[in-house]
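Here is the structure we will look at.
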């Protein structure tokens, strides 16, 4: 077998990089659990008809087929086969909605859940955009109703998760919020009734700029130049406090666009900003350009940028939906956000923002004096492990210099010389060497402790590449 | 959308069940790291030609295709499309071998890695056999060479992982070992040269019994009745110490089958048993019937049963392979085992062996006196969280009786009444109630601690269903 080459869009990490990713995942999990979210996982596959319900993502779906099945029905025709087939999930929201319906009788509502899993999209890979990647989602789902205060709470859970990563070098996050009722109320107030077309157009603002959006508004939402200008005026507003709400009110008054829906949306947005300013000052900013193209959002919508890495695009997005799922009898409203973990971690690594102190768990390599005394080295290792110290035994009874190099190449800080090595350079009994300083001292496997910072690989700020 | 029904073979867990699975996964990870294994993950997909190299598993593979691709080439023909396509991995060994080749220049050998991921097989689902399931693998891989002592070490890592789960009610594991050289040496010694056919036949012993295996040996390996009887005599031997090695020697001598390969295999097996008896007494048993059908094993082979649940089949299997991978210049020998985590967890849950104390992380629900004072409740929650106590705030300012029932239904042990509730039943300032005992005491969010056993959901022995 020749040396294989990587598959574009399917990134893999080396052990030291995986230590960084694992730390990010562990920190998110811990944050979500401190906020009372229960962890679930759903299967990787969903019936294709469920995945296709939204239509627009159909091109990105990976369809599954058993190889045997395929051979047996070569001419069955793509479409019919696909309809009764399975596809890999492309997000965690569709599977979660299905899980809620399927298990509603076993869940307590409002149901707070987090879910950290891989998802797959057959998109063209590019920087920060993969075909296989990890998402970390939190959602709260109610049965029948869900109070608006969750729209303030959920982005703050995510802000907490990023804050908990600040000490290892993860840049601050800025969560941009808007409210669909504000967008819809304003659009209708100025006479634009095709709200979906308005939202889809404004959603492209960051990518194509205001002139192109004005053209889109004219073409797709039938906006006059004045209507398009008003929408762009709205989309230019941003701010951290109630002042931005006042400015929207003023703008709406100036265009004669005030209405009940707009007022309700602005009240919700103002309440969200007030809670955010108190609990996570500076982390949450109202940005009236945030539209989120997907038509199922009904209240707050969120996008987030990593400060200094805005080119990455949104790394944490979501919103409020009044009908996450419905079984005909009960409708389940929800609010949630999803972090693009792979996108985040790949930037942390490629920009050198974060690194691991080593790629192997071992804090100690126990040297082997001779293969006949390997049992002695194994006993030392077992004694250290029993006290929670990660340790491995050297692969062979090579010269000690070679065994030290074995540890050194892996970044393992300590080499333990068992008592059977006594006599070599005058040492007596068990000895442990810090191979960074060269210091070697007598040690007892029943009591010796490495310094706390050496026990496990740690994740620390890197030296950013500029 | 009507209430969906589960997909056979794709099990999903409710939150309290997931707490059990997560504990099993965390314990395995910690054990593997204490033994110095580095964690990696590989992508879910591999080129189909790589997955098909072994042939025999081809029917189980899920082939992937982008929906768009499929529509564009409906008549392209299954086979050619499949050959240049991707499939979901069906184990973690094939991807690991590819990872080693692809990254050999960045790895230090011997490379100790663990890998815990989902795998997919399109098999017919049955008890303990799924289409999507989690495996937890440990392997050591050398470049060019790999000392035999790893064949003793690796099963003991797995024994440690199971031992670390004993206190939550996981039954003991019994690891059954054999050595391919013993099987091959004995078979050749009695004149059976189609060793693969012999191994495949003996591998079926537990499933079909000795008479059927004798017939298979005759049909597929060309064995005479005497040769088949000798193989079955060998396969009937088992034991925990060097005694079993002596009995194989005697058996071989009786059949005039002694040879160098057999001697080497028995020496390795004896050494493994000696190490195992010292480090994990009673956990490792030589079982000369363990054949493992796969033809790439070359030394030790392992299967494992959960004591009292032998009907589940092997829950942890593996072996030594002299050529895990090869790039033409270097060959990479390895030894490893794989735990069927989903099979294990599904039995733990279905037999009621293990349970979680609750399904939500929250140790405390902070009550809300009125929506106007929700901020006060949020502040209490933030103060508790800052000290690592999982907590959530009640969904609404309902009557306190309803808020207590909210906690009770979730198994959350404590409800916190903020100072604004003072006056209700004469309480003054912040109070916390243990809703199991009804005891209510004054508390300070800056210092109050729940009992250690209540802080997080715990995993404890269940009440087995008999």
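Keep in mind that glycine also has a Cβ here, set from the backbone N, Cα and C atoms.
Since the structure is predicted, the reported quantities are computational estimates derived from the model, not experimental observations.
Features as listed in TrEMBL:
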BINDING   A:91, A:92, A:93, A:121, A:135, A:139, A:292, A:296, A:297  L-histidine binding site
DOMAIN    A:110-361  domain 'Aminoacyl-transfer RNA synthetases class-II family profile'
REGION    A:438-466  region 'Disordered'
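Feature map: annotations from TrEMBL on the structure.
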{"residue": "A:91", "record": "L-histidine binding site", "Cβ neighbours (10 Å)": "18"}
{"residue": "A:93", "record": "L-histidine binding site", "Cβ neighbours (10 Å)": "24"}
{"residue": "A:135", "record": "L-histidine binding site", "Cβ neighbours (10 Å)": "21"}
{"residue": "A:292", "record": "L-histidine binding site", "Cβ neighbours (10 Å)": "22"}
{"residue": "A:297", "record": "L-histidine binding site", "Cβ neighbours (10 Å)": "22"}
Report summary line: DSSP output for residue A:93 (L-histidine binding site) maps to helix
Report summary line: Counted with DSSP (H/G/I as helix, E/B as strand, rest coil), the region 'Disordered' (A:438-466) has 4 helix, 6 strand, 19 coil
Query raised in the report: Residues of the same chain, at least six outside the region 'Disordered' (A:438-466), with any C-beta under 8 angstroms of its C-beta?
Result: 16, 19-20, 23, 168-169, 350-361, 363-364, 379-380, 383-384, 387-390, 413-414, 416-417, 427-432
Requested in this report: Name the secondary structure element type, per DSSP in three states, that contains residue A:292 (L-histidine binding site).
Outcome: coil
**Report entry** Span of the L-histidine site, taken as the largest CA to CA distance across A:91, A:92, A:93, A:121, A:135, A:139, A:292, A:296, A:297 (Å, rounded to a whole number)
**Finding:** 22
